[in-house]
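Encoded as structure tokens, the structure appears first; notes follow it.
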Ligand SMILES: C[S@@+](CC[C@H](N)C(=O)[O-])C[C@H]1O[C@@H](n2cnc3c(N)ncnc32)[C@H](O)[C@@H]1O
């Protein structure tokens, strides 16, 4: 059975074997922590799904400062989610998830992914030891699942669980700092069938698959490639011209510049971003948008002083991580 190798749990080329002196190798150590970080993210995602309350995209959860090994964690979460229906059936038929391990089921999912499709795992933690004891049963359960479904490969099995791809329309947001919506409809309408979105006033719907990356309106920042979910956020908050807005975690900045457009460039937005590389990306987005009322702050939002007079008149704190706003406000209220 072909393994779908990912760089999820060990850096490529690194040995996953314990070094001769019995200590953990670097690869083992990073794999051990990446699995636990991935399990935490997976838990948030699955709980959010169960309550029908999104806790943030996988990317945003992985970008939280508490996650060290971002690349490996992201890959592990995505791969485990992709194979989750198979993993659950395998664990079910091998009767692996007893009451003790049910409490750590996300870690068990991650490890089962690695046993079946990912990297070799070694006996570095209790969960690893437990799962490796049942490795034979897990692999047998997968083989039986293939037979039951009358398929020969994992790919065929995955195809049985996949919903058919429905072509999605292409959404673009008109940057009203540079162009009005009707002019954008006219201009884009020369090439495509364009509809206005019924929910977000500055959002346009174009046919699936149309490539706009090099379109002059995209290149000059009159129009942004931005999905409907992303564009709904600033529209729902409906900031007024003249407001002071604090965007806590802002890169790449699409929502930041959308806020600026809705504020008609009046008032002020402080856009905070922790990651140096992403600050550069944020500045590029702002420059492209032409917004002149955004101040970029490179740093940790949680280190801002809520008593600083600069933030005393803030009307809106915008953040994908709600807990950060609570901490910021909580600190403010308590002091
Ligand atoms: C997923 S992005 C979301 C960005 C944007 N608000 C959006 O919705 O498109 C999250 C960003 O928050 C940044 N970030 C995470 N923790 C932060 C903190 N404590 N202070 C400032 N920025 C933070 C990350 O570096 C990342 O660029």
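Placed from the backbone N, Cα and C atoms, the Cβ positions cover glycine too.
Note: TrEMBL annotation is automatic and uncurated.
Quick caveat, the model's predicted, so the values are computed rather than measured.
Binding of S-adenosyl-L-methionine is attributed by TrEMBL to 249, 250, 251, 252, 253, 254, 255, 300, and the same site annotation extends, among 273, 313, to 273. Across the domain 'SAM-dependent MTase RsmB/NOP-type' (160-335), mean pLDDT in this model comes to 88. Of all the Cβ atoms in the protein chains shown, 23 others lie within 10 Å of the Cβ of residue 251 (S-adenosyl-L-methionine binding site).
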